[in-house]
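Read through the structure below, which is laid out as structure tokens, and then see the notes.
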2 protein chains.
Amino acid sequence: MKRTSHIQELRKMIAEEKKRGRKINFVPTMGFLHRGHLSLIAQAQQKDAFLIVSIFVNPLQFGPNEDLSRYPRDLERDVRLLEEAGVDALFHPTVEEMYPNPMVTFVEVGQLDAMLCGATRPGHFRGVTTVVNKLFNIVQPDKAFFGQKDYQQYLIIERMVRDLNLPIQICPVPIVREEDGLAMSSRNIFLTSEQRQKAQILSKSLAAAELSIQTGQRSAREIERQLRERITFESQGIIDYAEVRDAGDLSEVTEIKRPVLLALAVKFGTTRLIDNKVVEVKPNV
Amino acid sequence: MKRTSHIQELRKMIAEEKKRGRKINFVPTMGFLHRGHLSLIAQAQQKDAFLIVSIFVNPLQFGPNEDLSRYPRDLERDVRLLEEAGVDALFHPTVEEMYPNPMVTFVEVGQLDAMLCGATRPGHFRGVTTVVNKLFNIVQPDKAFFGQKDYQQYLIIERMVRDLNLPIQICPVPIVREEDGLAMSSRNIFLTSEQRQKAQILSKSLAAAELSIQTGQRSAREIERQLRERITFESQGIIDYAEVRDAGDLSEVTEIKRPVLLALAVKFGTTRLIDNKVVEVKPNV
């Protein structure tokens with residue numbers, strides 16, 4: 001596997017691969033890789049494609065009181081995993097390489113970025129869209145892969161690409177879960193074993209809500225009530241949000257008629273976890 | 001000359017030229033071409049480069065009370081001029097082609113976009129940077145050419161490209177003037193012959209200010225006072241701004257020590273004209 005921290009070196013490498021007629025596939029990450037990332041990588045390993053993974057913990061998407069400094073990092077372990085997975089190249093720039101000057105330019109996706117995670121993490125998505133736009137301009141991939149655990153992020157990136165005419169196909173990849181249902185996340189390492197146990201309530205409450213919809217419940221408010229009740233009664237988790245939204249554009253839903261996103265953000269101690277499920281409904285069940 | 005209104009067709013055309021090893025040079029315009037544009041085109045005609053000119057009057061950069069609907073247009077004349085100039089391809093998309101959906105994504109260059117023209121035209125530069133970002137993603141040029149009459153725009157685009165790692169070289173091209181000094185602009189057509197006469201004061205006052213600096217005046221406030229006095233006394237122009245700014249980052253200047261931008265925006269009747277001059281000073285004159 002090739003490795004570089006330098007934008008110019010990466011550009012050169014990519015230009016050579018393109019000259020040879022290879023497509024460029026790209027998986028941007030913040031490192032501390034888990035099976036969720038490996039699933040993205042497996043999806044991105046396609047015939048004739050040169051696969052680039054980036055590892056960059058992006059300061060721009062962390063709020064002043066968030067966990068930037070304690071965000072878990074283990075580059076050598078990540079490198080080993082990427083090599084075992086057969087990735088072609090790793091791009092792991094420093095903060096100085098990505099932000100040599102104070103940034104004054106930002107890419108913002110309005111509407112989609114103010115709700116759910118955007119409401120409790122002001123500026124977060126602006127940081128994400130700006131760094132992803134930069135990475136896209138550096139890598140110029142044909143396809144980029146994003147996990148659906150960050151469903152809102154996936155929709156925002158997809159919208160940015162469409163609105164700005166970026167010639168990139170955004171490929172969503174399903175959530176990967178632990179045996180007991182907990183969605184894979186680099187932040188899971190912060191959980192105590194008791195919190196780890198309690199955090200199962202996220203996937204369990206989503207499954208129960210899905211069942212409730214599939215057996216006829218069509219009220220978004222009632223589904224949200226059920227989610228909140230279950231999480232509050234069965235764990236000490238502090239709910240940030242538990243919402244039913246349109247799966248296409250995250251708009252508010254009253255009656256569940258089209259595919260919806262059930263979206264959760266819950267704090268266990270100091271660790272904020274998110275999870276979600278897209279539920280489709282058949283008309284006139 | 002090739003012509004297309006369609007993004008996909010343009011992309012195909014460009015991909016073929018790139019495959020043949022040609023560089024892509026790009027001149028974005030709003031049409032109604034004049035000698036200023038032709039100077040951009042002449043600069044952009046380089047060996048081994050395929051030259052694309054775009055004509056698109058971008059609604060996003062006009063305010064609700066601005067001159068979008070009456071902005072001058074004459075596509076057939078423009079086509080003739082571009083053919084005579086030997087341009088390789090014209091891209092002239094419709095508004096629907098550029099904005100098929102309501103835009104929610106915007107590219108903003110902070111700091112630089114709030115002063116001068118940004119102060120009187122809120123949202124203007126956000127409209128410019130967003131459409132130029134889109135055009136850059138569509139054309140993916142190696143070099144793009146911008147006139148220095150829109151000096152602030154040039155600096156903003158240059159900063160956007162740097163901050164977002166766009167692999168594009170931004171080439172500034174000097175202002176082209178009429179015989180009597182008036183800077184070329186598509187909007188000059190709106191001037192009555194009396195206003196046209198009075199508008200000479202823009203270039204004349206800039207020349208006088210330059211002379212004043214070169215003969216020792218170092219106070220930015222005094223230069224601004226001279227500019228305002230001359231424009232007010234010698235024309236009926238209504239001054240929007242007359243400022244001395246740092247030529248590199250448009251920051252405020254008190255004592256003129258480094259290259260400065262003398263920047264003017266003045267309304268003659270309903271027509272707002274801009275002009276500017278970069279003045280370098282030798283230390284210890």
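Numbers here mean position along the shown chain, with the first residue as 1.
Glycine too: its Cβ is placed from the backbone N, Cα and C atoms.
Cβ contacts within 10 Å of A:H37 (active site, proton donor), excluding its own Cβ and spanning all protein chains shown: 26. TrEMBL lists A:30-37, A:147-150, A:V176, A:184-187 with the feature ATP binding site.
In the three-state DSSP reading, A:H37 (active site, proton donor) counts as helix. Feature annotation from TrEMBL assigns active site, proton donor to A:H37.
In the three-state DSSP scheme, A:Q61 (beta-alanine binding site) falls into the helix class. Other Cβ atoms within 10 Å of the Cβ of A:Q61 (beta-alanine binding site) number 21 in total over all chains. TrEMBL lists A:Q61 with the feature beta-alanine binding site.
What TrEMBL lists as (R)-pantoate binding site is A:Q61, A:Q153.
The highest number of surrounding Cβ atoms within 10 Å, among the binding-site residues A:Q148, A:Q153, A:S186, is found at A:Q153. Separating the Cα atoms of A:M30 (ATP binding site) and A:Q153 ((R)-pantoate binding site) is a whole-number distance of 14 Å. A:Q61 (beta-alanine binding site) is 20 Å away from A:G36 (ATP binding site) when you measure Cα to Cα. Taking the Cα atom of each, A:L33 (ATP binding site) and A:Q153 ((R)-pantoate binding site) are about 18 angstrom apart. For the pair formed by A:Q148 (ATP binding site) and A:H37 (active site, proton donor), distance between Cα atoms is given as 11 Å, rounded to the nearest Å.
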